[in-house]
Amino acid sequence: MATRGGAGVAMAVWSLLSARAVTAFLLLFLPRFLQAQTFSFPFQQPEKCDNNQYFDISALSCVPCGANQRQDARGTSCVCLPGFQMISNNGGPAIICKKCPENMKGVTEDGWNCISCPSDLTAEGKCHCPIGHILVERDINGTLLSQATCELCDGNENSFMVVNALGDRCVRCEPTFVNTSRSCACSEPNILTGGLCFSSTGNFPLRRISAARYGEVGMSLTSEWFAKYLQSSAAACWVYANLTSCQALGNMCVMNMNSYDFATFDACGLFQFIFENTAGLSTVHSISFWRQNLPWLFYGDQLGLAPQVLSSTSLPTNFSFKGENQNTKLKFVAASYDIRGNFLKWQTLEGGVLQLCPDTETRLNAAYSFGTTYQQNCEIPISKILIDFPTPIFYDVYLEYTDENQHQYILAVPVLNLNLQHNKIFVNQDSNSGKWLLTRRIFLVDAVSGRENDLGTQPRVIRVATQISLSVHLVPNTINGNIYPPLITIAYSDIDIKDANSQSVKVSFSVTYEMDHGEAHVQTDIALGVLGGLAVLASLLKTAGWKRRIGSPMIDLQTVVKFLVYYAGDLANVFFIITVGTGLYWLIFFKAQKSVSVLLPMPIQEERFVTYVGCAFALKALQFLHKLISQITIDVFFIDWERPKGKVLKAVEGEGGVRSATVPVSIWRTYFVANEWNEIQTVRKINSLFQVLTVLFFLEVVGFKNLALMDSSSSLSRNPPSYIAPYSCILRYAVSAALWLAIGIIQVVFFAVFYERFIEDKIRQFVDLCSMSNISVFLLSHKCFGYYIHGRSVHGHADTNMEEMNMNLKREAENLCSQRGLVPNTDGQTFEIAISNQMRQHYDRIHETLIRKNGPARLLSSSASTFEQSIKAYHMMNKFLGSFIDHVHKEMDYFIKDKLLLERILGMEFMEPMEKSIFYNDEGYSFSSVLYYGNEATLLIFDLLFFCVVDLACQNFILASFLTYLQQEIFRYIRNTVGQKNLASKTLVDQRFLI
């Protein structure tokens, strides 16, 4: 290997500087330099260097060659021009050339001497021989011939020739042999290592160099590669500033996870020693961490340095999803090196350079589409890894960009190696970024350093990059899509090779996008606090209204429980509003933005949102069950206004005679009204099956589910061969909720505007049926509050034939009879009622007798059967409620009034029915609140939340649709069945007639 020019002068300067002085200098001035410098520089490639320039593999830029020199074949060094011989060569461009005399225009193959050629010269100015001839330039002992002949190689001074590996020519021996021993032999006390010869003194401090390869617990071993090449690479880098050796030393440090321990002199320890003792050399591109001749491996080891690197300088490139200036491509490039430190090439990361999992090129390249969250996981056989990666390739990753003057630059991409140990501590696994040590160079697979004793055998251990994550952080408050330098987080795993054909390893590659969501969290907390406070007030008002409706002024345990139930419902609405609002915000602003200003929360940040959705569902379920229980326990009674039409003769059993009796009133009208009431108990303003199927159609068939993908596209369709990004829980919830609400609201509007008006309105039809049947409905949803449907026929009776019925309808249509309202000359048939305690007590006394048919027989009169007692109680209740409506009981009278607007808004009554009950005119059919019909908002939101919770848990819209419809039918069945039993119990209608 060769040496760098001026090495002797550099070593003289370095010897004057102590390690402590250098360290103090760095600690004093490095923070100031860091604040002033940037980590970007011009992007240059080897093929763009001029013929008289070479590509400096350390500085990654084109550097001029010396006099009488040109670029070599690889472009990374210099050679003499044709007709010039080398008189000095220490590696790289540091060579000296001298023109050959006229009588010896040819140059030897090694370029060190001039020679007379027996025939023509090649383009390189060397002798040319016919096919089948061997060019011999020196005699057998190495003496240069005036004309090419075959001679023995001469290893003495002035020749220093040895036989090459192929044995077909004599070549000059390795320069370190000449410099160290002035011969081609490396005899004691000199040290022969890695094919190089070094002096036994003056290279490194007298400390034992460790060839240990650090790994996971219990996986450390002595690497044959380190044992063979570590010392030689370090010595060549230190003594001769050899660029390739310095790169090879850096590679060994990277293979050792960039870990170093002050107690040992391992690969990174040697690198740090050279770095600290070359402080007198200039930096590369004004980057203080990048020393001339050395690779850039570290960002320094000062606490708090990592956050500055990651957030001090933003990329001037603007990223946008849409518009004329659309820019959604992250242009990553990498300088690649082989294990021996040779520069291979510049290459883009497209095509799966850093992705071990195989896939199509389109899907692999999707990882670098800005705004697309990327996840790739697979399991790879160890045997395939050993075949595909016999030696590691090392990458220095950069992000390419163009400034405002259209000049190309590259920005260094820092690396967070989770396996890095600093003094045996995994500092990069700490949650505090201030303790991180950022690095630069990475590799994917190392199957070399894990070989023991022989490099030709199968490795005992291989090291694989099992987790690679590229995170892009958006600059806060940006409106132009500016980002900070991306961060590569990488984790390696050591695999102990036992049977390569049966072993495998799981690997993953991901790209995530982050932004500071602190402000969003604060705003969410503020909204939750404000709306939660309003929910408390609303719940207090509902509780106060409930207390009035049950006629109890005392605050007891039941009151507290009721308040908590009301608060659960209101708080569910708060969580629902916040989650839907948050979801729609991210859906609209992320998918519709042009210049990028917001990025989606990461999955771990979505946990809080999912918790809110879960709370909304749990609380809404409690509210739904509370309403369900309230509906199936209401008091209801059908008041039959029909009166007997006359008397008939009736035989008296046991007396052998007859007597006159009133004509009994038919019960069929009551049964009919009861059946209609039973049918409308679960009538809704939407069609549940249509709702579920329509939502599913838009999600799965139309493709609205694609809006929930974590990418920048707002298209409803995706190309199957292309990469499909993972779903965002927030976007998935937002799309589902928006569709469910939109379709539900459309159904409700259609139901109210068209269906009820032109086709069928079951609620109003029920009120009309009551009038035609001459039956009123008395409902008590609370102890002292309920509803009254006035169904008293304006014709006096309803138990008639078809002809008379049609005649009555005709008279009513022609306004030839009075109006149906409770108050004369009005149409008001529905009322909200607040009854007095005295009225309720009287009702309860009769009702207690009515329900005694379910009690023990010993409590009943011995002279009457249970059935007769119930019939008697039924007629008593019918008579009492009829007389109450007719103002017969002055001590239990009532008056009719309109509700105040504020009373309607607050849902409570300001007046207490102390002596008289109060009937409030109700044109809105409020009695539907004891039915499904009047609670559509609660049912719609409950179904929506159920659908979303199932989907978030299973990530399956089809399953969520099926389970949602199933629960709707289950609760509908429960409501029908239990409500029917309650109706039969409270009205004495035999359940067998409720069909």
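Including glycine, each Cβ sits where the backbone N, Cα and C put it.
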*Answer yes or no as to whether Swiss-Prot lists Ser232 and Leu600 within the same topological domain, that is, on the same side of the membrane.*
yes
*Can you sort out which of Cys49, Cys65 is the disulfide partner Swiss-Prot gives for Cys62?*
Cys49
*asked:* Looking at N-linked glycosylation site as annotated by Swiss-Prot, pick the matching residue from Asn141, Asn774.
replied: Asn141
*Would you mind telling me which of 77-85, 482-490, 671-679, 905-913 Swiss-Prot tags as intramembrane segment?*
671-679
_Looking at 55-61, 209-215, 930-936, I want to know which stretch Swiss-Prot calls intramembrane segment._
930-936
*Looking at 433-437, 658-662, 703-707, 758-762, which one does Swiss-Prot call intramembrane segment?*
758-762
*Close approaches to the intramembrane segment (680-688) from elsewhere in its chain (Cβ under 8 angstroms; 6 or more beyond its ends)*: 631, 744, 747-748, 751-752, 762-763, 766, 931-933, 936, 939-940, 943, 965, 968-969, 972, 975-976, 979-980
*If you count Cβ atoms within 10 Å of the Cβ of Cys127 (disulfide bond), leaving out that atom itself, what do you get?*
22
*Cα of Cys378 (disulfide bond) to Cα of Cys253 (disulfide bond): how many Å, rounded?*
28
*Spatial neighbour of Cys253 (disulfide bond) that is closest, considering only the disulfide-bonded residues Cys78, Cys80, Cys127, Cys184, Cys246 and their CA atoms*: Cys246
*What three-state class does DSSP give Cys80 (disulfide bond)?*
strand
*asked:* Rounded to a whole angstrom, what is the C-alpha distance between Cys268 (disulfide bond) and Cys184 (disulfide bond)?
replied: 31
_Of the recorded positions Cys100, Cys127, Cys184, Asn242, which one has its Cα closest to the Cα of Cys78 (disulfide bond)?_
Asn242
*Cα-to-Cα gap, Cys117 (disulfide bond) vs Cys129 (disulfide bond), nearest whole Å*: 9
*Proximal but sequence-remote residues of the same chain as Cys237 (disulfide bond) (Cβ under 8 Å, at least 6 apart)*: Ser245, Cys246, Ala248, Leu249, Ile274, Asn293, Leu294
*Are the intramembrane segment (937-952) and the intramembrane segment (671-679) near each other by the rule of at least 3 C-beta pairs under 8 angstroms (pairs 6 or more apart)?*
no
